[in-house]
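Peer 1: What TrEMBL records for this protein is below:
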TRANSMEM  22-42  transmembrane segment
TRANSMEM  48-65  transmembrane segment
TRANSMEM  72-90  transmembrane segment
TRANSMEM  96-112  transmembrane segment
TRANSMEM  119-138  transmembrane segment
TRANSMEM  144-163  transmembrane segment
DOMAIN    289-378  domain 'Histidine kinase/HSP90-like ATPase'
Amino acid sequence: MVAAFVRSILAEPRAPDPPVRVWRDWVLVGALLVTAVAEAIFRPDVPWRPLATVVALLVIPVLLWRRTHPLLATAVGWGGAMVLHLPTIIHDVADVGLYSMGAIVLLPYALYRWASGPEALVGTAIVAVPAGLGFAVSATLGDLIGGTILLVAVFALGAAVRYRAVARQREVQQVRTLERGELARELHDTVAHHVSAIAIQAQAGRTVAATDPAAAVEALAVIEAEASRTLHEMRTMVGVLRDGDALDAEPVEYGPQRGISDLEQLTRMSPLVQVHRAGDLAGLPQPVEVAVYRICQESVTNAIRHARNATTLSVEVTGDVGVVRLRVHDDGEAARLSTTVGYGLLGMAERAKLLGGACQAGPDPAGGWTVEATLPREVPR
């Protein structure tokens with residue numbers, strides 16, 4: 001069991017997409033550098049003050065790289081702490097160091113949050129050496145207990161935040177995979193419909209070929225059109241599935257797919273729902289029609305569940321040149337705000353993205369909540 005745990009740690013990769021340095025990082029480092037200089041000037045009681053000042057001025061800027069190079073930053077930061085312990089060990093003087101050096105406690109957090117498993121193990125050893133020396137030469141029992149608890153808490157916080165981020169990423173990926181699978185099944189039904197039409201027209205053309213050549217030619221024209229549409233749908237399906245195995249082992253469910261003509265059925269969900277259609281909405285590919293219906297359905301469902309004190313819930317679908325636009329708006333209180341993106345909203349955005357469009361949702365500046373999506377009239381190949 002211990003061996004398996006160690007192997008899992010060693011196999012742990014770096015956390016993906018560490019954030020780049022932002023203005024807050026520069027402000028933090030700048031404030032710490034100013035504090036270090038002020039301590040060097042106004043704290044004459046610090047033993048070996050020139051050494052403490054130089055070490056602080058060299059170590060503090062390393063905080064800027066704590067996310068992108070966590071092991072290197074930890075080695076430099078806690079190596080500086082090790083240097084400050086040498087006068088205490090050799091000359092038996094009081095603690096050497098400035099208060100601003102306490103910021104190196106951020107490095108163990110960054111190590112467990114962003115580093116790979118092997119880097120985290122090496123970094124833990126690097127932190128343990130100067131921390132242990134400091135406790136051994138100058139700490140009371142209370143300092144030893146308090147310092148140990150602080151370091152363990154910092155390590156644990158970094159690991160906990162990392163675990164939560166990984167779990168969230170897996171859930172998001174699962175939602176995206178399910179959405180791809182749903183869209184692929186809908187495309188499968190559409191392709192099956194076209195193939196059935198081709199088979200029927202082929203049988204009809206063969207039947208009348210000898211007696212009515214004109215009807216046979218007409219059947220061939222229909223077959224050509226259906227075959228072209230089928231090829232187009234198949235290319236779309238391949239594009240949807242190219243990024244991963246979206247289909248599960250579940251059997252495909254056959255049945256008619258909802259489309260723009262079915263939007264009025266959403267009014268049955270609530271008397272507040274009002275559906276408005278405008279522009280050219282004819283001749284849309286089946287995947288686009290299904291996406292419009294699904295996004296509207298999900299938006300209306302969310303509004304009914306979460307929009308408190310709503311008096312209106314409008315669904316607007318407009319066919320423009322090259323695109324279809326939809327907007328679902330309610331005037332209720334935006335009670336669905338949270339620190340994370342809802343999986344329903346994520347699914348809508350993923351479906352729109354797979355078809356070459358976009359979908360966004362959020363509080364409306366005029367009040368209430370609005371979902372807006374734009375889908376191309378032709379799905380990408």
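The backbone N, Cα and C atoms fix where each Cβ goes, glycine too.
Could you place these features in context, so I can see how deep they sit and what lies close by?
Peer 2: Non-local neighbours of the transmembrane segment (119-138) in the same chain are 9-10, 12, 14, 70-71, 74-75, 78-79, 81-82, 85, 88-89, 94-95, 107-108, 111-112, 144, 147-148, 151, 155; each lies 6+ residues outside the stretch with a CB under 8 Å from one of its CB atoms.
Residues 15, 105, 108-114, 124, 127, 131, 134-135 of the same chain lie 6+ residues outside the transmembrane segment (144-163) yet bring a C-beta within less than 8 angstroms of a C-beta in it.
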Peer 1: Mind checking which residues of the chain, 6+ beyond the ends of the transmembrane segment (96-112), have their Cβ under 8 Å from one of its Cβ atoms?
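Peer 2: Same-chain contacts beyond the flanks: 28, 32-33, 35-36, 39-40, 43, 46-48, 51-53, 55-56, 59-60, 62-63, 66-67, 70-71, 73-74, 77-78, 80-81, 84-85, 87-88, 119-120, 123-124, 127, 150-151, 154-159, 162.
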